[in-house]
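Asks: Take this structure first; my questions come after.
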Amino acid sequence: MKSRNGPLRVGIGGPVGSGKTALTEKLCKAMRDDYSVAVVTNDIYTTEDAEALVRMQALPSDRIVGVETGGCPHTAIREDATINLQAIAGLNQRIPDLDVVFIESGGDNLAATFSPDLADITIYVISVCQGEEIPRKGGPGITRSDLLVINKKDLAPYVGADLEVKDRDATRMRASRPFVFSDMKRGDGVSSIVSFLREQGGL
């Protein structure tokens, strides 16, 4: 069901340890039976995330490409996305029927954003463990991503995080933009994210 405009490109960003790779894995497994899916991962000096997705059997290895960004990973998704665009072009050439390509950024900060030339839809992932105040700190990832995922909700009692406070702050900071609480370890929230991609991405 390939679009005339090419595959839907979904950018997945967030700080180190927030659960980006776990989310990418769950989305691939949830969507691969209905759609033709591929992944591009970004790491500074390795292709570790790509290798992890292969080990997790998220997709066949020929559908997963790891790029080494070197230096600052933010540049490869924003100011100069050439390396990622080339990786997507290579996937399109090898797999002409692609419906969705997930682009997982390297670990970044709250100011990181995806170039509109690279991603059609952006998902930003934060972890409950990173502090109760993270949603209200703002930054483009929090305020402007198409979907905010607040992950590891199951750990809230152990790190002293109040989910009601996070809910209130996310609602205030994002205005009408959607957000989801998730627990990727158990798969909680994945179906809501898939539904969002289907609706907003026209799948």
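Backbone N, Cα and C atoms are what each Cβ position is placed from, and that goes for glycine too.
The GTP binding site annotation in Swiss-Prot covers GLY14, PRO15, VAL16, GLY17, SER18, GLY19, LYS20, THR21.
Mind mapping these onto the model and telling me what they sit next to?
Replies: For PRO15 (GTP binding site), the number of other Cβ atoms no farther than 10 Å from its own Cβ, over all displayed protein chains, is 19.
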Asks: What are the other residues, in sequence order, whose C-beta lies within 8 angstroms of the center of the C-beta atoms of GLY14, PRO15, VAL16, GLY17, SER18, GLY19, LYS20, THR21 at the GTP site?
Replies: GLY107, VAL125, SER127, ASN151
Asks: Which residues of the same chain, at least 6 positions away in sequence, have a Cβ lying under 8 Å from the Cβ of LYS20 (GTP binding site)?
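Replies: Listed in sequence order: ILE12, GLY13, GLY14, ASP49, GLU104, SER105, GLY107, VAL125.
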Asks: If we count other C-beta atoms within 10 Å, could you say which of the binding-site residues SER18, THR21 has the fewest?
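Replies: It is THR21 that, of the binding-site residues SER18, THR21, has the fewest other Cβ atoms within 10 Å.
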Asks: What number of additional C-beta atoms lies within 10 angstroms of the C-beta atom of VAL16 (GTP binding site)?
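Replies: Step by step: centre on the Cβ of VAL16 (GTP binding site), count other Cβ atoms within 10 Å, giving 11.
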